[in-house]
Each structure stands twice: as structure tokens, then as C-alpha cells.
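K.L.:
Swiss-Prot lists these features:
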type	residues	note
COMPBIAS	1-12	compositional bias 'Basic residues'
COMPBIAS	383-409	compositional bias 'Low complexity'
COMPBIAS	447-458	compositional bias 'Pro residues'
COMPBIAS	509-541	compositional bias 'Basic residues'
COMPBIAS	545-564	compositional bias 'Low complexity'
COMPBIAS	587-601	compositional bias 'Polar residues'
DOMAIN	74-182	domain 'PET'
DOMAIN	184-249	domain 'LIM zinc-binding 1'
DOMAIN	250-309	domain 'LIM zinc-binding 2'
DOMAIN	310-373	domain 'LIM zinc-binding 3'
MOD_RES	475	phosphoserine
MOD_RES	491	phosphoserine
REGION	1-26	region 'Disordered'
REGION	371-617	region 'Disordered'
């Protein structure tokens, strides 16, 4: 992180190509397509394949980079990155953690993936060199590895490097976790690190912070921190590259930190003012149209010449201003001439098509090579519309404007439209559900209203709530509280309402009255509210619970569940149950004189049952 030592060494530095150990090395990504690494004039990439330096087969760590690394850790470690106490670094491993015994070194590397263990002349050693070049860029620390920096920018770079080293840089240590301690939690995965396990400790993160060896990775790229060198910032560990990007923007062209007061920003990335140019021809793109490909800007001419798609219909380039259709790696111009059936040339824009062996067809008949036939009633009916407006956007799907067509379908309907004519009435067209047809709602089915007769007047329209209407509608209402006639409301408290009441007097003269009233109650529960007029019968009056006579001037309400049982209300095993004292009142002469049913002023009992022999009552009773 320090500047180079003397001005004389800096001025007498040879060109980068003469001392670059990566020059001529093959590219690991392009293989034989790249003739060898050749550093670009100001980009940190190869001039041939456009790949970065670390993608090429660099066999050894550059000397300058190793010196920079030594200075980076000079305040933390007195030895170099290859010094250790194991004695096996030069024999088996290209690098080992310092201060470990041989058995501890094996224990540490056993926690890492096999392809990342830095054995000598192994993929792990190549991985280490690649990560050194990527995670610790030399141009982030010293100005001599940068291009065209102003004096003010060089001062800012030196101050930037010293600040990072002073506040963020650190090198982790590896040691066995003490057995006497109960254990710790890994800062990355959150799992337990037990006593006797190998652990990585970072002093910048605090005394208790530790990681599993395989968990000590950069927060941004999730790669192992090479040689345990880390930068601690805001409670997280970073590699050198991504920590610098947390503080300053990085130019996407030259890969250097931007210290100039002005820069270009596009699509969340940054460039130096003079570096925002075409990736191929390096023409300036300031105020020009460009295409971003793999985070690299291209001018329109270079993009069409190098990366534009070829049309599978005509074989020509698909321009940037031309719409295109794409399907599973195939591309067509968004025109009727190119995107059409390969046999009958029927336009397919906005219509379904059948791909077969790299070609597209309008129907199965065309795909099989037979003559096309007109669509029948059971076939797909294909629209004959055409595209009337040109498409100017390059997207995968288009909404084409279709002309007049006899069918309203776009190839998705498999049945012809019904012929025009008088509509046949359907049984289900007006089949809106009624309340009486929904037993799941807890409602009873309403019977059909009886035929009107001179002696039975028609019911009121509001009384029949379940009757059919001319325009049925679905109407969900709460279930009715009472299924019978008007509900009788008692003024007594609920506890008193549940007590049995005294029965009415059972006289032969009342049998006909009671039988008629029971039948009328059934009609009321079925929704029929006809008033039966019988000559010689007394009118029905409301029962008064306050009469309290033992002869039974009051009966149970119509909603009582025991109104139709074999046992009379107020009787148990044939014996009358007396009323409680608070419901009884002294009988007067007037009350006694009104207990006979021959008096026209006496209200009739609302509901009672005919007199039954005691033997019958005894047989049908149920002892609770």
C-alpha cells in the first residue's frame, strides 16, 4: 500500500511488456483461440482475446506483486508470505498459514475444497495466483501501475492506500480452538466451532470473532481470502478489490479507482471521462447510441458486425432498429416475409406455429409435407390477418395488429362458432339457486302453496319467503330463527321459561279444540298461514302466563320442543307437576269463574293434546 521507494527506479522502469511474466501465456478461457497474452495499452486485459490477466496461465507470482504483498503485511507479520514453521511449504504446498505445525497444516487444508488446496504444480496453485492478481490489484496501491494519473490524483491514491492499511487491512491467523472453552459461533455460517477444531481469527473483527477455514471468504465475491489477507469494513471482511470499491468507484475500462472529480456513470457502473468508449473500436460514446453487452459498451456498428443475430429466414443480419422474433436460439425478422410457414409461406406473426427440425410451420399438415387443407369444424381455425404496422423493438413477443377475419380466433379455438339464430331456452340459463334448494344453508324446503279455495283466502305475499319469483336471484340470508308462526315472546327470565308449567284441564269437550289447534300449528310450521273459520268455535287469544291458575289457563308456546310428545306438558308419569311458588298467585272468585271453556270471554289454550289413557302415557314416557 506504500508508494515505490525512489524516483530513479520509477523513471528507469522498463516497459510493462518486457518484464510481464504473463506475456505469451495461453488463455484458460479461450484456449487455442488466443495466441498468447499481450497487455493492452491502458486496459488491464489481453489485446487478443479481451480476457483479463488472471485468466491466462501465469505460472508464478509476479515479483512486483509479491513485494507489494510483503509490504502490505509488514506491520502484521515480520516474515514473508512463504515463511512458516512447518518446513513443508517448499516441498508440498506453494503456501501455508504461518505458525502452524505440520499436522495442523494438514488439518487446515483438509477443510478446503480439493481444487483450492495450493499443492505445488496443481490447479490449487493456479487458483491461488489467479486470486492474488484479482483480489489484490497492484494499481489499487501504487501509482506506477496506473495510467495517466494527474499529480493530484497520485496524492489521493497514496492517501487512500495508507488509510486502508491503517484502518482496514489485516492478516488472519490460524490456530486450534482451545478445548477448555465451550466453543464459538462462526461469523459466516453461524454454526458451532468446538474445542479442538481449527479456526481462523481476525484481530480487526475483535477477540471473539472466528471463522471456519472454508468460511473465511469475501463478503462480495464469496471467494476464499487469498493468503488470509482481508480488509475489515462495517463489520464484514472483504478482499482488497471489493473493499476499495466500497469506498471509491472503479472504472470499468481501465480497472483503476477513480480519483478525478468527474466521471461517467451508466447503468450503475462508472468510467473515467475519456474511457467511456466502444469496447471494440474505442470510439467515444459520449452523446452517442450504444449497446451494453456483458457490461461493456459497444457502438452500433461494432455490435451489428460482431454480435448481431442472423435471421433464420433470409440469412441477413437483424439490425438494432429491426424487430426480431426469437425461439429457442433461433431468430427471425419480425416480418411476414421471414417469420412465416416454411412450406406454404403463410405469415405467422401473432399466430401459433409448430416448430419441427429447426423450421416453423402453420399446421401439422405442412409439417408432415402433405397438402394444406381448409380448417374444418374439428380443426384449429387459423386467422388470416396480416401485420399492418412495422415493429421497431427487439423483443421476444409481439402484439401484431390483425386485419378483418371471418373467425374471431387466433388459432386457439378448436370449435366453430354456433350458427346465428333464435336462442334455444336453456334449462340452466336461469337456474339461479333458491333458498329452498340449498339444504347446506340449514334451511327447510318450502312446500308449494295450496290451491286457493273460497274458504281459504290467499296468503299474503310477504308471508311466503321461499316462494319462486319471476326473476330469481341468489340471496344469502341468515337462517330463520323460528320455522313456525309468529314467535311468542315471554317476559319471564330465561331460567323461568325453562321450568315446566301446569297443564290445561283435560275435559272431553276440549278434545276437538285441541286436535284442531295441533293441525293448524302444523300448517303454520309448513309456511301456510290460512285462517280456518269454524262456526261455533271460540276465537284464539294470547296466553297470559300471569294468570297462574292450576287449571291451566296457559299452555306451552308453539316453539316448545315437547309440544308433540306423547306426554302432556306439566305432567310426569301421569302426575301433574305443580308450579313453583313464585309463579302461583292466590286464586280469586273471578279467576275460578273463568276457568270453564263454555264462557265466551275465556281465552282458548294455544296448544294442547287430547286426553290419553294413563296406560298409554305410561308406555310412551321416557325417564330422564
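Cβ atoms here come from the backbone N, Cα and C positions, even for glycine.
Surface or core, plus neighbours and distances: that's what I need for these features.
P.N.:
In terms of DSSP helix, strand and coil, the domain 'PET' (74-182) has 47 helix, 9 strand, 53 coil.
When the domain 'LIM zinc-binding 1' (184-249) is classified with DSSP, helix, strand and coil residues number 17 helix, 20 strand, 29 coil.
According to DSSP, the secondary structure content of the domain 'LIM zinc-binding 2' (250-309) in residues is 7 helix, 19 strand, 34 coil.
Across the domain 'LIM zinc-binding 3' (310-373), DSSP helix (H, G, I), strand (E, B) and coil residues number 5 helix, 18 strand, 41 coil.
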K.L.:
Need one number: mean pLDDT over the domain 'LIM zinc-binding 3' (310-373).
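P.N.:
Across the domain 'LIM zinc-binding 3' (310-373), the average pLDDT comes out at 88.
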